[in-house]
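> Pulled these from TrEMBL:
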REPEAT    187-250  repeat 'RCC1'
REPEAT    251-306  repeat 'RCC1'
DOMAIN    434-484  domain 'PHD-type'
REGION    512-575  region 'Disordered'
COMPBIAS  516-532  compositional bias 'Low complexity'
COMPBIAS  533-553  compositional bias 'Polar residues'
Amino acid sequence: MADTQTQSTEQEWGRVLICGGINWAHNGKKDKVANGTPDLLSPYILRSLSNLKIVKLITGPSANYAVVLDIHGAAYIFGRPPSPALATSSDIISENAPVKISPTSLELKEGVKFVDGAAGRGHVLLIDSEGGVWGCGNNVTAQIGLPVTMLIPKFTKVTGPWLKDPEVKIIQVTAGHTFSLFLTSTGQVYAAGSSENGQLGNGKTGERLVKAGKVTFDLEVPPRLVQGFTDKKIVQIASGNQHSLALDEEGFVYAWGYAGYSRLGLQDQVNRLVPTIVPHFAGNNIATRGHAILCGPTSSIVIDRQKMFLIAGKFKLTGDGSTGQAYTYFNLSVMACKVIKASCGGCTHFLTTPDPVGGIMTVGFGQGAVTDHLLELGLGPDAGKSATKAQKIEPLSGIDVIDVAGGAFFSLFLAKPNEALEDLTRFPEWVPSDSNCMVCGDDDSAGVQLECEKCEQPYHLFCLDPPLKDVPEGQWFCPECAQEADGGVDHPFLPLSLDEPRPRNRLQSALERVQASSGDAPGPAAPGSAAANSNSRKGSRTPSVKPDSQSRAGSVASGTPRGTKRDREGSSAVGEFRLVRRTVAIAEPEVKLGLALISAAPR
Ligand SMILES: [Zn+2]
Ligand SMILES: [Zn+2]
């Protein structure tokens with residue numbers, strides 16, 4: 001029912017879908033086969049977050065984790081986080097138990113939200129609605145923008161020169177391997193970290209000879225202004241592993257940093273130490289200027305003002321765009337469709353485009369004819385082996401994807417609730433649940449039970465407060481799961497109950513907490529309490545539907561709205577998941593993290 005409460009003033013939100021590798025401890029490692037959590041071959045609704053109104057997906061081509069932001073401004077992180085301190089027990093955060101980080105836990109004042117961020121391989125940044133930046137993770141090269149230290153274990157505020165002017169906010173950040181960029185509301189760009197390939201755009205690599213064959217690089221901290229933009233207004237920034245792009249308000253595109261595979265789109269492999277204008281988007285014809293920018297690990301992408309998708313660098317393993325034939329300048333690489341949103345994962349590219357039959361179509365292509373790399377495209381178990389050309393992601397047919405984010409080994413989609421979304425399977429497909437009503441404890445012979453879309457726990461229509469006469473249309477969440485989603489940044493967020501049905505007392509304690517905080521006026525008896533269970537209360541409510549499990553089962557099969565109680569035995573099949581071997585074959589010169597000294601061997 002949360003879905004029907006959407007107001008016109010509300011920020012656009014959706015539900016999180018996930019596909020690809022979710023074996024966080026072993027993603028990208030050779031021992032993955034032996035530790036088989038199956039990969040998800042097509043997008044599933046991520047059940048743990050299925051009740052939340054999500055507004056932003058944050059992951060990246062080198063990130064084995066994700067952060068998503070909800071409509072209240074809280075952050076939820078899962079995967080292998082950049083700092084083990086973010087996890088509650090092991091160094092992995094299960095997708096079934098995302099960790100909630102509220103702005104108030106960082107002592108931001110009430111009402112301040114997390115609004116954006118960036119996910120690098122080893123560090124993550126979040127932006128709050130007051131323009132502050134918070135960083136966490138690897139800081140060996142000062143890439144977070146804080147003084148050099150092995151690790152920033154918990155989110156810590158980044159103190160940059162922009163703080164001198166209280167009017168200036170940070171509105172966008174990027175996270176490369178060894179550096180970060182910070183875009184201010186005044187259109188200036190700051191950079192922090194290591195500049196061995198010119199990533200910081202400050203005109204130097206900061207290289208110093210230590211001894212024969214060994215050099216060290218100056219690390220830039222606190223963040224320092226990127227050169228060349230003082231008379232311009234930059235409106236967007238993007239970073240790959242070792243290079244960056246910027247877009248100004250006139251649509252000019254600038255590139256700098258490491259130029260291997262011609263990823264800067266400047267027709268050569270010469271590193272640029274300062275932002276360099278990309279001629280392709282600098283013509284007099286305004287329509288050919290840049291509209292949006294993004295970076296793959298070794299590629300650059302510009303969506304031009306005609307909404308065309310142009311790519312430079314290496315983004316495939318074979319053929320055009322591969323190691324041998326990297327696009328040295330920006331090429332129109334995919335079907336000529338108008339791009340709404342685009343994202344790059346480790347080996348994947350996604351874009352959304354208007355669907356000719358209405359709504360939004362999601363399109364993807366992988367790095368090459370390497371089956372192992374196509375899982376995170378979410379093309380489904382029956383898809384062909386190659387996605388060198390962009391193709392529609394069929395399992396998302398009819399689903400309006402409003403945001404997409406490619407991770408290193410997995411992909412996330414943000415889907416607006418509609419009928420097609422309701423038909424999509426959740427992951428995990430099954431969670432244990434009770435057969436008796438969570439309020440009165442009676443079985444479904446007493447009346448129709450609704451089953452929560454998230455926790456699967458049953459509730460009689462007449463046991464709800466207020467009671468329902470009919471099965472509601474669309475997704476339905478139980479009082480606890482609805483409260484969890486609507487309760488704001490400080491409401492507790494509980495992991496999925498996977499081993500046993502969600503305990504009854506969690507609902508009661510959650511409601512009691514809410515009642516306790518809503519003043520001392522005596523409220524109605526909490527569902528599940530002795531009063532609620534009394535015969536008089538039960539007797540006062542009349543089931544509006546005849547208890548008849550046979551007819552109900554039949555009506556579910558013929559397509560009544562989701563949310564009615566379904567046959568749990570039938571929904572427990574897990575045969576669709578396949579374990580697929582995964583190898584990583586991205587030939588990228590690595591900058592060794594964890595070492596202050598970086599080999600100067602020629603690449
Ligand atoms: Zn009941
Ligand atoms: Zn529930």
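Here the Cβ of each residue, glycine as well, is placed from N, Cα and C on the backbone.
If you look at the structure here, what lies around each of the features I listed?
For the repeat 'RCC1' (187-250), the DSSP counts in helix, strand and coil order read 0 helix, 34 strand, 30 coil.
Helix first, then strand, then coil: DSSP counts for the repeat 'RCC1' (251-306) stand at 9 helix, 23 strand, 24 coil.
Per-residue pLDDT, averaged across the domain 'PHD-type' (434-484), gives 94.
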> By DSSP, how many residues in the domain 'PHD-type' (434-484) are helix, how many strand, and how many coil?
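Computed counts for the domain 'PHD-type' (434-484) are 12 helix, 6 strand, 33 coil.
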